[in-house]
Amino acid sequence: SVVAHRHVSLDLELSEEYATVMANEVRRRNRDELRVGEDVMAREPDFDFGASGPHAPILYTGIRRKRRTSKSDEEEEPLVEEPIDPSKSWWQRTRENLDGDFTSIALLLFLYMLQGVPLGLIAAIPLVLQDRGVTLGQQAVFSFAYWPFSLKLLWAPIVDSLYWRAMGRRKSWMVPCQYLIGIFMLVLSYKVNAIIGDAQGDHGPDVVFLMMVFLPLNFLAATQDIAVDGWALTILSRKNVGYASTCNAVGQTAGVFLGNVVFLTLESKDFANKFRSVPQDTGFVDLAGFVFFWGCVFIVSTTLVWIFKKEVDNSVENKNSEDSDGGDYGELELGIVETYSVLWKILKLKPMIWMIVIYLTGKFAFAATDGITGFRLIGMGMPKDTLASFGLFLTPLQILLPWMIGKWTAGPRPLNIFLWAYPYRILVGLVFAALVYFTPGLKIPDTKDFYISFYLIWVAAYMFHQVATYCMFVSTMAFNAQISDPRIGGTYMTLLNTISNLGGNWPVTLILSITDLFTWKNCHLGGTNTTETVLYSCSTKAIAEQCTTEGNTCDLYIDGYYFGVGLCTIVGLIWYKLLFSKIKYIQKIPRKEWHVINK
């Protein structure tokens, strides 16, 4: 997901007769229709960087409506079902439909996969750091490396407007960014093991320097995302431009899977030793080797794309079919100054003030659950590669849920689903805290392994968590699509999603930074664990190391995680009580009051 500065028209008046729209979806694809912005690239994926557990992107394909050719058109033309040649197989019909776009689709899939690899890798680093014994405060420092993807609106207009014509509008940014990512990875591969430390604790990770390393890497990935999103709208022919969202979702999901789950699995010594006759202390690959390999892939593939793939605007036929003024629902082409001016006008709208408050503060209720749960499970012995692999079970839900709740989110009150899911997600957070509390009791005695029921319980818990998270996400996306000014749809959607993403980032960073302040550990004499053998408090990392060096044990007495969950729950309930009526109210505001461009 994903957000970029897009040049497609945006008809955002969603039909309440959702079932009819979806039933005719396939027949619409080959008709003369206009894809809305959220159908092509709605939002960057939510990789759950807070490390609450599985790192799987949120997928949302959106819906499409036929463009109205004039203001007087109140209804769409009747849809006529196209005849199907029974002599041709599904594969033959698909090949004919995609004729001329096969290579472009394959290229988009590959480019989005490349984009997903550093994202998945950055999402895996906190789990690796947890194995190195870092504190939650240090995790909070590294969490700043995730922010560029949520701030790319700040430089997206520049990427969209400035380019070298000889190279191409999108390749002018994509090629340099991918070369820099590749070079960055090659150089990083020689130093990353020293920076991240070792699992034996001989030397700890330099978290601040690690954050400063991955921050520009994520910045380059975000910039590459802007360029690829824009290219996706012109590299495909008009009839197949809807496949851009599919390439985005499938490609990024594959890339994140490779950079996260595959890496953590191959790096795990426990997994590797299952296939070895003699156990070793390392996995099949280490971080340095993994980063070096993908650095080479970036360099070679970027060179091939630069040389052999010409940038041609295959959507140029659109311009011939549009009115000279762009149509009533055509999206305006804005320069850099005009784009920033429009963004400022949007922010000054009266209804937008409340939207900013809601989006920036609403996710605080889930910060402790989303940001710390995964770290606590790893600390209790769950293998980090197993935790990451939970995302495989969530993907089917991500595909099915939009269709299941679509008839409610496509109506005039899409945020009603948000209001229903909000307290349910708070309840799931409390369930997570209870499961973490009882997790030690699910360990097999005298081993480091857990009963199979432990994994089944947590997979089920994450699936319930995903239902709540996805209901909130889809409902807010539907509302954003409805209120966005169709004349500047891409810019409007990007702004709303940026605010929403920031509202998810800062609470996790804040909770991670303060949780250690409410965590209490005691140093027990000689490994005993009674109140009579308490020597002193070992809540800080330095004193904890001193305790273990002396042959004692530093045991957790009061876990700040439960304090964080309790604080977030209380704040969330108060937030829900105060803003419930306001959320109901903003849905009733006429959509024209959200517009800033006068027709």
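Every residue gets a Cβ built from N, Cα and C, even glycine.
Keep in mind the model is a prediction, meaning the values are calculated, not measured.
Features reported for this protein in TrEMBL:
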type: TRANSMEM; residues: 102-125; note: transmembrane segment
type: TRANSMEM; residues: 145-164; note: transmembrane segment
type: TRANSMEM; residues: 176-196; note: transmembrane segment
type: TRANSMEM; residues: 208-228; note: transmembrane segment
type: TRANSMEM; residues: 284-308; note: transmembrane segment
type: TRANSMEM; residues: 352-375; note: transmembrane segment
type: TRANSMEM; residues: 387-405; note: transmembrane segment
type: TRANSMEM; residues: 417-438; note: transmembrane segment
type: TRANSMEM; residues: 450-468; note: transmembrane segment
type: TRANSMEM; residues: 561-580; note: transmembrane segment
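In this chain, the transmembrane segment (176-196) touches the transmembrane segment (284-308); three or more CB pairs sit within less than 8 A of each other, excluding pairs fewer than 6 residues apart. Residues 3-5, 44, 49, 119, 122, 125, 170, 172-173, 211, 214-215, 217-219, 221-223, 225-227, 230, 334-336, 339-340, 343, 491, 494-495, 498, 501-502, 504-505 of the same chain lie 6+ residues outside the transmembrane segment (145-164) yet bring a C-beta within less than 8 angstroms of a C-beta in it. The listed stretches are 176-196, 352-375, 387-405, 450-468; of these, 352-375 has the most Cβ pairs under 8 Å to the transmembrane segment (561-580). Remote same-chain partners of the transmembrane segment (352-375), defined as residues 6 or more beyond its termini with a Cβ less than 8 Å from a stretch Cβ, comprise 48, 50-53, 126-127, 130, 136, 139, 143, 346, 387, 422, 425-426, 428-429, 432-433, 436, 465, 476, 496, 499-500, 502-504, 506-508, 510-512, 515, 561, 564-565, 567-569, 571-573, 575-576, 579, 582-583, 586, 594. Looking at which of 176-196, 387-405, 450-468 has the most CB pairs under 8 Å to the transmembrane segment (417-438), the answer is the stretch 450-468.
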